[in-house]
């Protein structure tokens, strides 16, 4: 259900670090937002070093953007972002000072997976029993 | 006005499949959201295979993310996502089980095309007659 | 705090144009949204020419997508988008007719930078004095 996109300049993350980060994002999201790991998508975007600027100069941030269904409790959204930031620093070695995590939400009813409109937060169980893999 | 980004691992889509998918997304969006095809943008993002994880392992999903103006009727957003998912499966051969479509909305007044703030849904005709190409 | 992603087909922007555009986006955002330049992230995404379609044909738009904290005054969001569009045309030479700027907002409380949840709009000063670099 969720999609996470991790953006860094090319070469900032090893293949092992990418895999470890994907594993951590999947684990944390599944736990906090009650979604089976099989539904957590993580994509890495690694443009050349002259394509990432902060502030106005080539830089080396790690940007983690997530899309989640709207109406998860607000405290959980903050906890999700905080845990992702801490985990990303831990598994990549990039200092948290250079990590920005943004969780964006959108209506579940505007999203479709496996041919079915996604469930509202809290209605995952019924949806999974009807449509799950 | 809308922007669609289609993300798959490199090699998952042929050039023909990309073109066919762009054509279908354009047709479906134009029809449901009353926007001339000339305003529908479709971008493909194809990171290497070790950059797409689900769940925590390299995977091969097709992720279609769209940005549309807020306040289209909610039933139409669900219909849009469902039709895009079915069309994507049909033209790419990727099973719908591996396709995730997310329509994200945002305020029309925070978007500018051709130098002009975008119209609210329902006010396209007047905007196009004043600012259209 | 904000993240801007500029998408064009490969070769549409020179290295100088990218740097100039990053500089302008940073300057304009910092001024209108009261954020120090050090917190403005700009990323370029440049897929091959057969990966950008409008409408349904390979095209050459410049798409600028921004994520900002929700609850900035609405008039400022329009002004921000209009100024970014004009500046992008000026520094890249791409006609404004082919430029689309979309500012998407999300809750500050769902975003974390440097290990801290971001401040609501208007509370930047206190946040920066406690958590700033």
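We count from 1, first residue shown onward.
Note: Cβ is positioned from N, Cα and C throughout, glycine not excepted.
Copied over from TrEMBL:
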DOMAIN    A:1-128  domain 'Tautomerase cis-CaaD-like'
REGION    A:112-133  region 'Disordered'
COMPBIAS  A:122-133  compositional bias 'Basic and acidic residues'
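Here the compositional bias 'Basic and acidic residues' (A:122-133) has Cβ contacts under 8 Å with residues 34-36, 38, 114, 116 of the same chain, all six or more residues outside its ends. Helix, strand and coil counts under DSSP for the domain 'Tautomerase cis-CaaD-like' (A:1-128) come to 55 helix, 34 strand, 39 coil. Regional average pLDDT for the domain 'Tautomerase cis-CaaD-like' (A:1-128) in the model is 94.
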